[in-house]
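> The following block contains the structure, expressed as structure tokens.
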Amino acid sequence: MITRSPANVQIASDLSPPSSSSSAPAWQRQLAEVVRDPVELCRRLGLGESALPGARDGHALFEVRVPEAYLSRIRPGDPDDPLLRQVLPLVAETDAVDGFVADPLEEADHTPRRGLIHKYAGRVLLIASPACAINCRYCFRRHFPYQENSPSRAQWQATLDYLRDDTSIQEVILSGGDPLAASDRQLAWLVARLEEIPHLKRLRIHTRLPVVIPARIDDALLEWLGSSRLQKVVVLHANHAQEIDGEVAAACARLKAAGVTLLNQSVLLRGVNDRVSALADLSERLFEAGVLPYYLHVLDPVSGAAHFDVPDEEARSLVDALRDRLPGFLMPRLVREVPGAASKTPL
Ligand SMILES: *Cc1c(COP(=O)(O)O)cnc(C)c1O
Ligand code: SF4
């Protein structure tokens with residue numbers, strides 16, 4: 001999710017390939033059936049020929065990947081739809097722009113174990129799955145095709161030993177990719193091992209899956225998550241109110257009923273949510289679904305995403321104007337990720 005992992009963090013995961021067999025859970029079938037063809041995406045949304053060259057060129061750099069549940073929320077025939085902008089490649093992705101690089105963050109020093117990033121006090125990030133259900137065009141990961149390797153239990157054991165040995169760690173954050181792309185069997189196993197470590201208090205999950213495939217929040221997931229002794233936080237990733245339809249709200253309600261605290265992080269994106277009204281509507285819609293805004297990230301300068309950039313000055317004045325409209329508890333914190341810093345950096 002938005003806590004991205006550098007290229008040289010090896011993935012600690014034994015993610016099974018998505019299955020389309022009828023015995024698989026509904027969410028896994030939806031994951032196996034995501035739209036991966038840029039021409040199909042344009043055709044399904046009634047976009048004209050002019051969208052095709054960009055869609056094809058961008059797809060060659062970072063493949064198109066759109067779940068049906070997300071596609072259904074995009075207005076057909078509108079090239080400026082804020083959800084479409086997040087998934088449809090534009091010709092601009094192929095432009096080289098000064099300052100936008102393949103690897104804007106350098107975090108290699110903080111990976112004491114395979115798939116584990118320990119940068120901030122009291123909390124660590126575990127890469128629980130390299131896969132994502134959706135490919136967001138602005139993503140920092142777009143240049144890192146994670147190999148889907150299957151580390152052994154012994155490698156997980158080394159991570160668990162690290163957590164057991166450092167009693168200052170109170171919180172484990174499952175990240176990726178998208179950690180909820182892993183199977184419930186794998187996640188239940190991992191969480192059971194974490195629960196055995198007495199000084200761990202909190203389990204946090206950074207995921208976009210409940211937004212893009214709300215069927216992911218099914219009984220099997222609620223069983224291992226709801227029964228955990230750890231305090232549970234799920235940090236969603238939605239950037240626009242239109243992403244949160246009735247199914248997403250229902251998935252949020254299921255998580256809440258299982259005792260999960262729900263937060264959201266967004267990225268400030270040109271043409272998606274770079275207006276005060278869009279940001280206000282997002283906060284309001286999130287709260288209707290039982291979710292509090294947490295972070296609003298400025299874009300990482302990753303090559304291919306420069307057309308999404310909103311300059312710092314504009315970001316600050318947008319957030320100042322937002323403060324005039326919203327109650328304080330609906331205000332996201334505007335932050336940037338600075339390599340080497342011990343926390344997210346407020347703007
Ligand atoms: C963002 C991030 C976290 C979580 O930071 P919070 O401010 O607690 O949300 C933890 N570890 C790493 C490496 C991160 O990038
Ligand atoms: S869900 Fe989107 S933004 Fe998050 S890691 Fe996957 S591609 Fe990147």
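Glycine residues also receive a Cβ, built from the backbone N, Cα and C atoms like all the rest.
Okay, these came from TrEMBL:
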| type | residues | note |
| --- | --- | --- |
| COMPBIAS | 1-11 | compositional bias 'Polar residues' |
| REGION | 1-24 | region 'Disordered' |
| COMPBIAS | 12-24 | compositional bias 'Low complexity' |
| DOMAIN | 118-333 | domain 'Radical SAM core' |
| BINDING | C132, C136, C139 | [4Fe-4S] cluster binding site |
| MOD_RES | K344 | N6-(pyridoxal phosphate)lysine |
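Can you walk me through where each of these features ends up in the structure?
In the three-state DSSP reading, C136 ([4Fe-4S] cluster binding site) counts as coil. Its Cβ taken as reference, C136 ([4Fe-4S] cluster binding site) is surrounded by 23 other Cβ atoms within 10 Å in the chains shown.
Of all Cβ atoms in the protein chains displayed, 18 besides its own lie within 10 Å of the Cβ of K344 (N6-(pyridoxal phosphate)lysine).
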> Taking just the CA atoms, what is the gap between K344 (N6-(pyridoxal phosphate)lysine) and C139 ([4Fe-4S] cluster binding site) in Å?
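Just about 17 Å between their Cα atoms.
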> Ligand 1 is in the model; which of the recorded positions C132, C136, C139, K344 have a C-beta less than 6 angstroms from one of its atoms?
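Passing the 6 Å Cβ check against ligand 1: K344.
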> Would you count the other CB atoms within 10 A of the CB of C139 ([4Fe-4S] cluster binding site), including those on all shown protein chains?
22
> Express the predicted model's confidence over the domain 'Radical SAM core' (118-333) as a mean pLDDT, rounded to an integer.
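In the predicted model, the domain 'Radical SAM core' (118-333) has a mean pLDDT of 94.
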> Using a 10 Å cut-off, grab the number of neighbouring Cβ atoms around the Cβ of C132 ([4Fe-4S] cluster binding site), all chains included.
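A 10 Å sphere around the Cβ of C132 ([4Fe-4S] cluster binding site) contains 23 other Cβ atoms.
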> Specify all same-chain residues, apart from the site residues C132, C136, C139, whose Cβ lies within 8 angstroms of the center of the Cβ atoms of the [4Fe-4S] cluster site, ordered by sequence.
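Going along the sequence, the neighbours come out as I134, N135, R137, Y138, R141, R142, R208.
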